[in-house]
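Novice: Structure in C-alpha cells, see below.
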Amino acid sequence: MYSGNRSGDQGYWEDGAGAEGAAPAGTRSPAPLFSPTAYERLALLLGCLALLGVGGNLLVLLLYSKFPRLRTPTHLFLVNLSLGDLLVSLFGVTFTFASCLRNGWVWDAVGCAWDGFSGSLFGFVSITTLTVLAYERYIRVVHARVINFSWAWRAITYIWLYSLAWAGAPLLGWNRYILDIHGLGCTVDWRSKDANDSSFVLFLFLGCLVVPVGIIAHCYGHILYSVRMLRCVEDLQTIQVIKMLRYEKKVAKMCFLMAFVFLTCWMPYIVTRFLVVNGYGHLVTPTVSIVSYLFAKSSTVYNPVIYIFMNRKFRRSLLQLLCFRLLRCQRPAKNLPAAESEMHIRPIVMSQKDGDRPKKKVTFNSSSIIFIITSDESLSVEDSDRSSASKVDVIQVRPL
C-alpha cells in the first residue's frame, strides 16, 4: 500500500484529481502542492483533530459502558454516532496525516481505495444516524411512542448497511475512488462526465444529503410546533408536566444542535464538490479543497462536547467518573440500572377539576417518563395499556 515514488506529472495535478484520463492513484505521484511549512502545519492540525476526536468519543463510550443509567435507546444512537466519529479519527485521516508528513501522497491504489472508502463510510454513518435520531425524537415527542432497544438495534443495523452500500458502490464499479484535488486523500470521482460516474454522484447527493436534511428539518419542525402547542394546553399546566416539556425542549435542542453543527462543518466540503460537479472545478484550488476537508473532519470533535454540556446525565456521569467517591455519597440513588428504574410506574400528580369532571390520574415511568391520563382513577396502568383511546390519553414522553 505504501509507495515511495515522489516524482510525478505536474500537469495531471493542475487539471485536478478527477480530470479525464487521470491515472489511478498511486501509479503517478504529484509534485508537492504546498510548501514544506504548510505540510507541517497541516499535519499538526490533522493530528490535533485526530487526538481530540479519539479522546472525546472514547470518553463517551466509556461513560456509556460504565454507568447503567446512560443505557437507553436514545443514548444508543449517540454512542453509534460517537463510534463513527471515533473510527473517522482513527482511520479516516490516517493516510492523509502520513502524506502530510511525507509532503504528498505516498500510497498506492489500494491505499487510495481504503482512504476513500473509510472516509465515506463513517461520514455516511454520521449523517444517517443524525437522521434516525431526528426521527426517533419525532415519534417520541410528537406521537408519544416509546421505542425499545430492539428497535434501536435494528435501526443501527440498517444505518450501517445503508452507509456500507453507498461507500462500497465505487469499489464495485459505480464511480471510483481517486486522489482529491489537494493530493492528500482520496474521494469519489466528482468531475467525471461518464454516465456511470455522474449517475452515482447524482444519487449520492439525493440519498446522503437532500433526503437526510429534509427528514431532519421535517422532524424538528414538527417537534418545535408540538412542544409549543402542548405548552398552551391548560390541563397540562402542572409543575411536573412543565418540567417535562422543558426537558423535551432541551433534548430536541441538543439533537438539533448536533445535526446543525455536523452540516455546518461539512457545508464547505459539499459546496466545493458541488462546484466541481457543475463544471466550476477551476474555482476549487488545492488550498480551498484542503481547508474544506479540515472543516469536515472537525465535526468529530464537537459532538462529545455537546453531549457533556447539554445532557445532564452525561455531565453528572463525567463528574462522578472524575470524583467518584464524593458524588457516590451525595447521590447514592443516581446510578441505578436502567432496567431496574423502568420497572416501577407510580402516580405523580392528582388533580381534581370543578364540576362533574372525573378525577384524573397522571402516571409516568421513572426512566422514560410516559404520561398517561386516565378518566377512572381505579383503572390500573396495565388496564390502561389495554383500554381504548377514549379511556387513555398518552400526552407526553420523556425519552432519556
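Cβ atoms here come from the backbone N, Cα and C positions, even for glycine.
It should be emphasised that the depicted structure is a prediction, and the values quoted were computed from it without experimental measurement.
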Novice: Identify the topological domain of LEU33 and of GLN320 in Swiss-Prot, and say whether both name the same side of the membrane.
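Specialist: Membrane side for LEU33 and GLN320, as annotated in Swiss-Prot: different.
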Novice: According to Swiss-Prot, CYS186 takes part in a disulfide bond; indicate which of CYS112, CYS219, CYS232, CYS255 is its partner.
Specialist: CYS112
Novice: Which whole number is the mean pLDDT over the topological domain 'Cytoplasmic' (64-75)?
Specialist: 88
Novice: Below 8 angstroms Cβ to Cβ, which residues of this chain, lying six or more residues outside the transmembrane segment (254-277), approach it?
Specialist: 16, 18, 81, 123, 126-127, 130, 133-134, 137, 181, 187, 190-191, 198, 201, 205, 209, 213, 216, 220, 283-284, 288-289, 291-293, 295-296, 298-299, 302-303, 306-307, 310-311
Novice: So among the recorded positions CYS112, CYS186, CYS323, who's got the most Cβ atoms within 10 Å?
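Specialist: Within the set of recorded positions, the most crowded position is CYS186.
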Novice: Compile a sequence-ordered list of residues in the same chain as LYS297 (N6-(retinylidene)lysine), six or more apart from it, whose Cβ lies below 8 A from its Cβ; state 'none' when nothing qualifies.
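Specialist: In sequence order, the residues whose Cβ lies under 8 Å from that of LYS297 (N6-(retinylidene)lysine) (at least 6 apart) are LEU46, LEU49, GLY53, VAL88, GLY92, VAL93.
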Novice: For CYS112 (disulfide bond) and ASN196 (N-linked glycosylation site), what Cα-Cα distance in Å is obtained after rounding to a whole number?
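Specialist: Spelling it out, the Cα of CYS112 (disulfide bond) and the Cα of ASN196 (N-linked glycosylation site) are 20 Å apart.
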